[in-house]
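Peer 1: To start, I am sharing the structure in question, which I have written as structure tokens.
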Amino acid sequence: MKFEDLLSEINGFGRFQKMVLCINFFGRFSLACHFLLGNFIAVIPSHHCSISSLDVDEIFENLTQEERLTVSIPVQDDGTPASCHMFSYPQFHLLSNFSSPSEVAVVQCQNGWEYDNSTFISTLATQWDLVCDKRALSRLTTTIFFIGVMFGAAAFGSLSAMFGRKPMLLVSHMLGMGFGLCSAFSSSFIMFAVLRFFTGFTITGSVIISTILNVEWVSIKHRKLVGVIDSLSWTFAFMSFPLVAYFIRDWRWLTVAISLPTVTAIITWWWVPESARWLIANGRVDKAHYYLHKCAVMNRKKEVVVSIKPENLAKIIVIDRGNRKYSYLDLVRTPKMRKLALLTGITWFAVATVAYGISFNISSFGLNRYLTQFVYGAIEIPAKLSIYYLLDKFGRRITQAGSLLFVGIMARTVIAVLGKGCSATSFGTVILYSSELYPTVVRQNGMGYNSFVARLGVSVAPLILLSDDVWNHFSQVILSSLGLSAAFVAYLLPETRGRCLPETIEDVEGISLQVQDLRIKMS
């Protein structure tokens, strides 16, 4: 008997599985919001040099605000006050319509800046004057956060494979919320940047662990439905976040507002089961029997588990009985695993880079940033619902390759919304697809590795957008090329539709345990 057969007998998508899915669905709200936080707290509002100190002698007393700016701040080509320079002394002659400021000496801002607070009460830039020469530091926090996510994915992928899904999920929730709240009360930019790194490092565990738990507890025919619902949790957060950000315009309180909901995830964690597959694969059959019994009771199939003894569960997943410990090295020890790691890694990198390249470029769409972010989230609903039909009709491989192909074609700003929809389809597919490709013994390592590569792509996305300074459409060409290239790579992956999840590396390689051991010893 295979594990899928046992799951089917106790109802592979009963009340137990729906409970796990709901808990993980709402538990991921904070994570998705943190991914987009930089789009709002790292904004640099319109600003100009502060001129308040020039009025100490009340020389501006009879001037309007517009006239004060005219005599103090040079004008840019678009007619707005310069952001980083001011006149070395007031130029009252400029109040004459016939005067020209071309010969007037200018200096850098001497007494700080004044900011336009009509949209944002406070951002990182206004908090620590991250403008002019320090302008890049504001956006750098996004890259720092995703570097943390990148290393956190690798760490939690390994730790959850060693210590189990459930305990590391709690660690991720608690530390992620803790670092998120602490970052909101940072007293310096350096402190904030460090805390944002650790927020990303710890919070990422919740997404890769919850995804694996959802997939490992459902039967074959329900995996695609679970994959769609799982990915819609991100859409729910992406649509809700701009509404939260619209009403909370201060960066500190916005950070608090998206960190606190993790309390719900921590409370409901007590009802999250450990993965029975992982327990069996690690020889803990008594604990696996306990959770399977809970599942059967909740699904009203208690009689099925009563007839199965804990010692019989060890026969369901045949593993190496030498207490072998698996690691990331097992992803590259054997030929087919190496190929799998290479192909999925390239696919995840391209999917993440293109998806977030479009998401981070919300200011170029020509709409209010709150509305644009909402539209980007809303377009994911039909895109992700289509996954359910596409996976059944065409399979994982064609859906993955096809969605990436359309992303590559539609990554231009003019049709960025359609490109965002296709990238959502691609992202939703690749998460389910990859979890089905990797065997149980290294599934968490595989997802950790892929998430690591994906976050590397997300970290690169802001840099790709900066290439528009060289040529206006450069970033679009890069994103399109990535999507088209990854479509070809994804097509080389094996199909998993209707197949049992592989349990061991031998299942992937199609070779006997003895041959596998011999190859490891010779390598």
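Just so you know, the numbers here start at 1 and follow the chain as drawn.
Each residue, glycine too, has its Cβ placed from N, Cα and C.
Nobody curates TrEMBL annotations by hand; they come from automatic prediction.
Annotated domain 'Major facilitator superfamily (MFS) profile' per TrEMBL: 89-497, in sequence order. Look at TrEMBL and you will find 21-44, 144-163, 175-195, 201-218, 225-247, 253-272, 340-358, 370-391 tagged as transmembrane segment.
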Peer 1: Could you check whether the transmembrane segment (201-218) and the transmembrane segment (144-163) come into contact, where contact means at least 3 Cβ pairs under 8 Å with the two residues of each pair 6 or more apart in sequence?
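Peer 2: As far as Cβ distances go (cut-off 8 Å, pairs 6 or more apart), the transmembrane segment (201-218) and the transmembrane segment (144-163) touch.
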Peer 1: Roughly where does the domain 'Major facilitator superfamily (MFS) profile' (89-497) sit in mean pLDDT, to the nearest integer?
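Peer 2: Its mean pLDDT is 85.
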Peer 1: Given a Cβ distance threshold of under 8 angstroms, which distant residues of the chain, six or more beyond its ends, lie next to the transmembrane segment (340-358)?
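Peer 2: For the transmembrane segment (340-358), the list is 35, 331-332, 376, 400, 404, 407-408, 411, 416, 419-420, 423-424, 426-427, 430, 434, 437-438, 446, 449-451, 453-458, 460-461, 464-465, 475, 479, 482-483, 485-486, 489-490, 492-493, 508.
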Peer 1: Name the range, of those listed as 21-44, 144-163, 175-195, 370-391, that has the largest tally of Cβ pairs under 8 Å with the transmembrane segment (253-272).
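Peer 2: By Cβ pairs under 8 Å, 21-44 leads among 21-44, 144-163, 175-195, 370-391.
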Peer 1: Below 8 angstroms Cβ to Cβ, which residues of this chain, lying six or more residues outside the transmembrane segment (21-44), approach it?
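Peer 2: Distant Cβ neighbours of the transmembrane segment (21-44) are 119-120, 123-125, 130-131, 135, 138-139, 141-142, 145, 149, 173, 176-177, 180, 199-200, 203-204, 206-207, 210-211, 213-214, 226, 229-230, 232-234, 236-238, 240-241, 244-245, 251, 254-255, 258-259, 261-262, 264-265, 268-269, 271-272, 356, 359-360, 362, 369, 373, 458.
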